[in-house]
Amino acid sequence: MSYSLRLSSRVLQKSFRFALQTCTCQQHGLHTSRTQKNKEPEQEGKGFDLKSFPVDSIRNFSIIAHVDHGKSTLADRILEFTGAIKKDADNKQVLDKLQVERERGITVKAQTASVTYEYKGQTYLLNLIDTPGHVDFSYEVSRSLAACDGVILLVDANEGVQAQTVANFYLAFTNELSILPVLNKIDLKNADPEAVKDQLLTLFEIDPDEVLMISAKKGIGIEKVITSVIERIPCPAEKCNPDAPLRALLFDSWFDKYKGAVCLILVVDGTLRKGDFVTSVHTGKSYEIRDLGILTPQERSIPQLFAGQVGYFTANIRSAKEAQVGDTFHQKGIPCEPLEGFREAKPMVFAGMYPMDQSEHPALRAAIDRLTLNDSSVSINIESSAALGQGWRLGFLGLLHMDVFNQRLEQEHGAQVVVTTPSVPYKVRIHGEKALREYGEEEPTITNPIQWPDPQIIVETSEPMVMGTIITPDSYLGAIISLCQDRRGIQHNLRNLDQNRIIVQYKLPLNEIVVDFYDHLKSVSSGYATFDYEDIGFEPSSLVKLDILLNGIMIEELSTIVHSSRARTVGKRICEKLSNTLPKHLFQIAVQAAVRGKVLARTNIKPVRKDVLAKCYGGDISRKMKLLKRQAEGKKRMKMYGNIEVPREAFINILKR
Ligand SMILES: Nc1nc2c(ncn2[C@@H]2O[C@H](COP(=O)(O)OP(=O)(O)OP(=O)(O)O)[C@@H](O)[C@H]2O)c(=O)[nH]1
């Protein structure tokens with residue numbers, strides 16, 4: 001799905017103007033006039049104050065669902081229905097602002113929109129947070145939920161409950177949020193709302209009478225969703241105190257090249273005003289609030305934010321480290337207890353990232369720094385490689401996350417990067433004083449095979465495990481079970497979801513699923529099975545470092561960590577890939593894969609053959625034999641002393657995914 005940027009900016013400009021008109025009209029009971037339409041946004045912004053929204057008229061909520069169940073479409077309809085954007089056929093996923101989101105048709109970044117709605121004589125301020133559906137972005141979901149009191153749990157009435165519906169339900173449930181179940185896509189011919197209601201009852205004990213039925217695409221049932229949000233999701237009164245000194249939770253941030261970090265906050269206690277001085281609990285640094293506002297969904301300046309309200313501020317914060325998501329801000333000089341943060345992002349997949357050309361290193365560093373401000377779930381460590389130069393080892397929540405980060409670096413910052421094959425973190429228990437001094441702890445976490453300790457000092461190795469939940473039509477169960485077994489999975493649970501669908505849980509090593517498990521699952525189930533996983537910690541496992549040697553010389557960059565039962569197969573695969581990628585030399589090259597010096601796989605790269613007999617017309621056979629013998633001796637010598645040149649491009653081809 002791709003929309004041109006021109007189109008999206010047109011939609012957003014339109015929506016901005018319309019949002020301003022609506023809010024002003026609702027505030028002052030005016031009708032939209034020609035003069036209002038032509039007013040400058042800044043002038044209108046000055047007149048808008050959130051004072052008239054006491055805590056009991058605020059609803060902070062999120063839409064959570066499995067991927068593609070229609071969250072962004074429902075968000076569009078809510079924005080239209082409340083007048084925040086004009087009703088327009090162009091309004092498609094208005095909150096998906098990033099180019100990568102529009103190109104891939106997925107949400108990767110949670111977005112917020114504040115809208116107002118009149119209901120039973122009172123005007124409500126509804127803060128809607130659109131969240132991503134894909135498993136790799138569940139951190140965005142958990143972060144959004146920290147600012148919410150309730151969620152709309154959206155389920156496709158045709159596809160029914162899927163793996164991420166289950167994961168998202170439990171995320172909201174454990175956060176003690178009110179859950180408003182909504183079935184979407186009831187306009188589809190194959191929609192079976194009654195069966196899906198049964199699934200919700202079986203799995204989550206949701207009363208079928210409480211479930212709303214809508215079509216976000218056709219705009220059916222939207223009003224009921226909005227009024228149910230007002231009636232069934234509590235206001236933030238319980239956790240907010242308007243009379244206490246300021247306490248604000250930072251739950252998202254992004255970088256603006258003119259204003260610095262833009263911080264999205266929930267004001268939990270007190271009031272925040274433009275010009276106030278605030279202090280971060282995390283860094284102890286103080287800042288003057290330069291701009292304060294709400295997202296409608298465009299940034300819109302306002303003079304103050306009150307308890308229970310969601311908005312943004314800018315304070316000339318220039319570094320990602322100073323705008324840490326989960327931080328608490330208080331009034332300068334009036335310290336407070338930090339607010340309870342939320343689940344820390346835990347990178348699951350690590351990969352090296354290097355500039356295409358070393359001269360681009362400073363520019364890439366700046367680009368990564370800015371992008372991590374927008375996506376704080378990425379971890380960064382400096383890394384260097386003899387072949388690829390100076391770079392970074394970045395940690396991501398999953399493979400799609402890594403791909404999207406890479407694409408955003410290119411699209412939003414114009415950076416060209418080399419990304420190496422992803423790996424997962426391992427834990428290695430070591431012994432010996434020298435070893436402990438070197439690694440600094442008894443059980444270091446290894447994110448790069450180069451750091452793997454000498455086998456002599458290893459006591460035990462552990463790898464990260466996940467609990468995978470798969471929902472599938474029963475006809476694909478056999479193929480899915482053999483796929484999971486092939487990936488060293490152990491079945492944990494299996495039960496019927498309804499007459500023809502099964503929910504099955506497998507304990508799997510993360511290493512076995514990071515690269516291509518999802519693709520294989522989709523292919524063996526004709527695209528019907530859905531998968532979600534949660535981290536369940538490290539477990540002891542027999543892990544070894546697989547080294548790659550070229551004519552006996554170890555190439556550090558190509559080493560990988562594998563389960564001992566997989567070493568031979570993986571070694572064979574790498575050797576074959578290398579022999580197809582490396583340029584031929586004048587002598588033969590032996591490509592070997594070895595564990596602790598024992599060779600497990602080998603391929604040979606044949607030498608380039610120079611025709612030494614070309615100039616030898618006719619003549620004696622012994623002369624020819626002599627030339628051939630001399631050539632063979634030369635090659636033998638070269639093999640001993642000749643340097644194998646691995647061009648940077650070949651490395652890039654081998655190392656990149
Ligand atoms: N027929 C029908 N299609 C719908 C409806 N709601 C959404 N869709 C379609 O479903 C697809 C996915 O919708 P999105 O709104 O992007 O779904 P999403 O849940 O935000 O997706 P992610 O952000 O990637 O998780 C789009 O093609 C929509 O047009 C509906 O009520 N009926």
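Note that Cβ sites are derived from N, Cα and C of the backbone, with glycine treated the same way.
Automatic, uncurated: that is what TrEMBL annotation is.
Some features that TrEMBL has for this protein:
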type	residues	note
BINDING	65-72, 130-134, 184-187	GTP binding site
COMPBIAS	37-48	compositional bias 'Basic and acidic residues'
DOMAIN	56-238	domain 'Tr-type G'
REGION	29-48	region 'Disordered'
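Recorded features from TrEMBL, shown on the structure.
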| residue | record | CB count, 10 Å |
| --- | --- | --- |
| Ala65 | GTP binding site | 27 |
| Asp68 | GTP binding site | 17 |
| Lys71 | GTP binding site | 26 |
| Ile186 | GTP binding site | 20 |
Close-lying binding-site residues around ligand 1 among Asp68, Lys71, Ile186, where CB distance stays under 6 Å: Asp68, Lys71
For Asp68 (GTP binding site): DSSP state (helix, strand, coil): coil
